[in-house]
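J.: Shown below is the structure under consideration.
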Amino acid sequence: AFCNLRMCQLSCRSLGLLGKCIGDKCECVKH
């Protein structure tokens, strides 16, 4: 598995968060 940054950002944006790839994981962080 690998992190797709664009998909990560989109899914996090719907939560009002910023998407970042950490290794192969998507992390949602506050702006």
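First residue shown is number 1, and so on along the chain.
Note: Cβ is positioned from N, Cα and C throughout, glycine not excepted.
These numbers come from a predicted model, not from an experiment.
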J.: Choose the correct range: of 6-9, 14-17, 22-25, which one does Swiss-Prot annotate as region '[R/K]XCQ motif'? Give that range.
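T.: When 6-9, 14-17, 22-25 are checked in Swiss-Prot, region '[R/K]XCQ motif' belongs to 6-9.
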J.: So, by DSSP, how many helix, strand and coil residues make up the region '[R/K]XCQ motif' (6-9)?
T.: 4 helix, 0 strand, 0 coil
J.: Counting other Cβ atoms within 10 Å, pick out the least crowded of the recorded positions A1, C8, C12, C26, C28.
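T.: It is A1 that, of the recorded positions A1, C8, C12, C26, C28, has the fewest other Cβ atoms within 10 Å.
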